[in-house]
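Undergrad: Before we start, here is the structure in question, set down as structure tokens.
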Amino acid sequence: MKQQQTFSNVGMCLLSLLVLLVAASTAHARSTKSGFQVDSEDGRLSVPELVSKYGYHVEEHSLSTDDGYRLTIHRVQAASYTNGTVVLLMHGLLCSSADWLMIGPGNALAYLLANEGYDVWLGNARGNRYSRDHASISPDDDNSFWKFSWHEIGRYDIPATIDYILEQTGHRRLQYVGHSQGTTGFFVMASTRPEYNDKIIQMNALAPVAFMGHMKSPLLRFMTKFLKTLDILLAVFGVGEFMPNKPILHEIAQLICPPNSTVHINMCAHLLFLLAGYNPSQLDPVMLPILFGHTPAGSATRQLVHYAQEVLSNRFEMYDYGKLKNVLIYGSATPPEYDLSRVTAPVVMYYGMNDFLATPEDVNRLARKLPNLKRSVAVNDVLFNHLDFLIASDVRHLLYEPVMEGMASAEVVD
């Protein structure tokens, strides 16, 4: 048993190192080339502390899902706010509501939207540092807490969050912005609970992830092969939580990813490029310690396993429990595919030509499946990658300003 436990610890440590870098690639890092100087201490602050520090109004709200998970979401408003359009921003894998804030006022999407008068809400999926709670199950003592993938996030968390926000604000509909897993969850919701399409003014999908058959990252391709057997290890060793938030990562990042180094010699930067795509001109090492202060924010291991299944099957399908259990749960040996024809909400997609994780080929395949796709936009930078959607030096000009223009043109009297 001791040898088995040692194997588990070593394997999980190696996998954790890789996924820590994945989390960084789906999170954010900001460059001072944009003119904003971030504070290295921002990596040590919680979301409410971070928002308050920069002079914005912040609220913390708690809500419950139909299956008992307790989520904490954040509300951000400018000082001059007056009942504007509601927008929900949903983060990616292993991340949190901090995704939309770390690059600071004048750059981060949450602040830019607040400055334009939006009522900004930041979601947090079950299992991350802000939503690690349940009505009857302890995340520390009961591994059943972690028996979920991004299917449950789309099936339960996002609908509950939307309902809560609309009830609190008195609005009938809202704008939705998702990055990476934040788009996956939306497509799960809109296809399995299609009544929620009517509650969306427009879905703004940044680096949309549904199909993953053309995923290009060599590191993730290797990890995907390992993840195929991870469910068996979980059953043996009971490791359901993956990469919880640890403050020490901020300190480690300052040592091994020095913020005063250049991108060309920064080890963390090069590993991120292997995961997300190579675009050194858009990454400032100054942001790496801040990034690792907030990310990883924690998740269930099944979320990673589910994505690995997507890569291997080249289908946008429900969780694969194995043939026997699939028959018991789904009535078929293979998991059913999500019916994207039921996603009737207006969708605008933004993708990077050099995105290793949401490749143009897979995004184009998704585009052909959506019945109400308004536009599919390639960001005007041939090297734009998965990481750049949240941390690129020019992300405001290249992405956020066009996104906000598109949101404004789609809005209706609510």
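Glycine too: its Cβ is placed from the backbone N, Cα and C atoms.
As annotated in TrEMBL:
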- SER180: active site, nucleophile (ACT_SITE)
- ASP355: active site, charge relay system (ACT_SITE)
- HIS386: active site, charge relay system (ACT_SITE)
- 47-102: domain 'Partial AB-hydrolase lipase' (DOMAIN)
- 1-29: signal peptide (SIGNAL)
Undergrad: Just the number: how many Å between the Cα atoms of the residue listed as 'active site, nucleophile' and ASP355 (active site, charge relay system)?
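TA: Here the two Cα atoms lie 11 Å apart.
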Undergrad: To the nearest whole angstrom, what is the C-alpha distance linking HIS386 (active site, charge relay system) and ASP355 (active site, charge relay system)?
TA: 5
Undergrad: For the domain 'Partial AB-hydrolase lipase' (47-102), what does DSSP give as the number of helix, strand and coil residues?
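TA: Output for the domain 'Partial AB-hydrolase lipase' (47-102) reads 11 helix, 22 strand, 23 coil.
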Undergrad: Take the Cβ of SER180 (active site, nucleophile) and count every other Cβ within 10 Å, whichever protein chain it belongs to.
TA: 29
Undergrad: If you draw a 10 Å sphere around the Cβ of HIS386 (active site, charge relay system), how many other Cβ atoms fall inside it, taking every protein chain shown into account?
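TA: That number is 30.
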Undergrad: For a quick check of packing: other C-beta atoms within 10 Å of the C-beta of ASP355 (active site, charge relay system), how many?
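TA: There are 31 of them.
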